[in-house]
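The block underneath contains the structure these notes are about, expressed in structure tokens.
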Amino acid sequence: MSWDQVWIDVNLATMDPSVSAPYGAITNAAIAVKDGKIAWLGPRSELPAFDVLSIPVYRGKGGWITPGLIDAHTHLIFAGNRANEFELRLQGASYEDIARADGGIISTVKACREADEAELFELGRQRLNALAKEGVTTVEIKSGYGLDTETELKILRVARELGKHHHVDVKTTFLGAHAIPPEYKDNSDGYVDLIINKMLPAVIAENLADAVDVFCENIAFNLEQTERVLSAAKAAGLEIKLHAEQLTNMGGSALAARLGAKSVDHIEYLDEAGVKALSESGTCAVLLPGAFYFLRETQKPPIDLLRQYGVPMVLASDFNPGSSPICSTLLMLNMGCTLFRLTPEEALTGLTLNAAKALGIEDNVGSLVVGKQADFCLWDIATPAQLAYSYGVNPCKDVVKNGKLVHQ
């Protein structure tokens, strides 16, 4: 066989639903790569003969290979920090109190408007490096810290540039409807007009976004405003997604399902009717335990209902300066299990196959299947459950991206 590389002495957590074992596991396995794609995988005993003198062979020392991790919800590009608000919350202030006092998102908006692209790029690069060291091979990055046309475009340009200069694939999301900027404090409908009539066309003209998101909440955008933005995005041919049911149940998830959104994110206050709507539309539920933890929330997402209705559950970091300043997908695996009672297999599926579904890229990444992109990680673990069980010592040994060894 003519391959570019072969990995032996490994176990595979394929996350392929067609493999009946937990995690889609194949033990005592091998995997071969050709032209950036998975060319063969299976039990080592069935590995076809190949020229060991001309093809690089990597020995996994009994470790586990999983698909590359996918962080499907981040706000990774921002300037400044909000440590002062952390102190205020510990003294009793709520997330809503801080937001209504022009803190929260608005304070980060001010910092991002002042920062130039070079500064934002370097900050983003450092954060992307941190995720990459934990086995992340694809990441979604949202705008939303500009709230004016110039700064929203600036953030999205930086995200696109990161994708060009880093081995991690970057998917971009336009989140101009993240908060009401001070200039439109008493005219939120006017700001929605600006998003639809000026911001969105400018984003599309530069091909800066793969999707559009809205924060549908009582401190942000109502249902009517949310539908206007998402409908405009959908009409322009962009994927849509939604922050919804984080602080209250406004019915955003049902709206997102009706419009065919790829995902609804947060969903702590989602009810059974909303879960049923997601199930019927095939919309993913993105769980963000980092924000739940950092904001010290008590209302948990309806995990049992999501299971009952077969809604794909995704785990993501929600890395951002205000509600989840936690740049770690491995910690999300642990939090998803300890805080939300996911099984370790559900958690890993949420950072691989289901995360790919939330971004609309499941045909190419998210599981180890012949013909898919060769994005995978070798972990120094005895069982896949260890990835969720223990945190603090990074077990990621090797990362292959598009068939190339990028981290060793």
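Placement of Cβ uses the backbone N, Cα and C atoms for every residue, glycine included.
The Fe(3+) binding site feature in Swiss-Prot is assigned to His73, His75, His243, Asp318. The Zn(2+) binding site annotation in Swiss-Prot covers His73, His75, His243, Asp318. Among the features that Swiss-Prot reports, 4-imidazolone-5-propanoate binding site is placed at Arg82, Tyr145, His178, Gln246, Ser323, with the record citing sequence analysis. According to Swiss-Prot, the feature N-formimidoyl-L-glutamate binding site maps to Tyr145, Asn320, Gly322.
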Under 8 Å by Cβ from Ser323 (4-imidazolone-5-propanoate binding site), counting only residues of that chain that are 6 or more apart: Tyr95, Gly290, Ala291, Phe294, Leu295
Inter-residue C-alpha distance, His73 (Fe(3+) binding site) and Gln246 (4-imidazolone-5-propanoate binding site) (nearest angstrom): 14
List of residues, in chain order, with Cβ under 8 A from that of His75 (Fe(3+) binding site) and at least 6 apart: Ile141, Lys142, Gly144, Tyr145, Leu175, Asp318, Phe319, Asn320, Pro321
DSSP-derived structure type at Asn320 (N-formimidoyl-L-glutamate binding site), helix or strand or else coil: strand
CB-centroid shell, 8 A cutoff, Zn(2+) site His73, His75, His243, Asp318, site residues removed: Thr74, Lys142, Asp265, His266, Val286, Leu288, Ala291, Ala316, Phe319, Asn320, Ser324
Top Cα neighbour of Gly322 (N-formimidoyl-L-glutamate binding site) in the set of binding-site residues Arg82, His178, His243, Gln246: Arg82
Conformational class of His243 (Fe(3+) binding site) under the three-state DSSP mapping: strand
Separation of alpha carbons, His178 (4-imidazolone-5-propanoate binding site) and His243 (Fe(3+) binding site) (Å): 9
All-chain count of other Cβ atoms within 10 Å of Gly322 (N-formimidoyl-L-glutamate binding site): 24
Other CB atoms within 10 A, centred on Asp318 (Fe(3+) binding site): 27
Chain-mates of Tyr145, Asn320, Gly322 with C-beta within 8 Å of site centroid, N-formimidoyl-L-glutamate: His75, Phe78, Arg82, Gly104, Ile105, Thr108, Gly144, Pro321, Ser323
Sparsest-packed of the listed binding-site residues (Arg82, His243) - C-beta count within 10 angstroms: Arg82
Proximal but sequence-remote residues of the same chain as Gln246 (4-imidazolone-5-propanoate binding site) (Cβ under 8 Å, at least 6 apart): Glu217, His266, Ile267, Glu268, Tyr269, Ala291
Of His73, His178 (the binding-site residues), the residue whose Cβ has the fewest other Cβ atoms within 10 Å: His178
Tyr145 (4-imidazolone-5-propanoate binding site), number of other Cβ atoms within 10 Å: 31
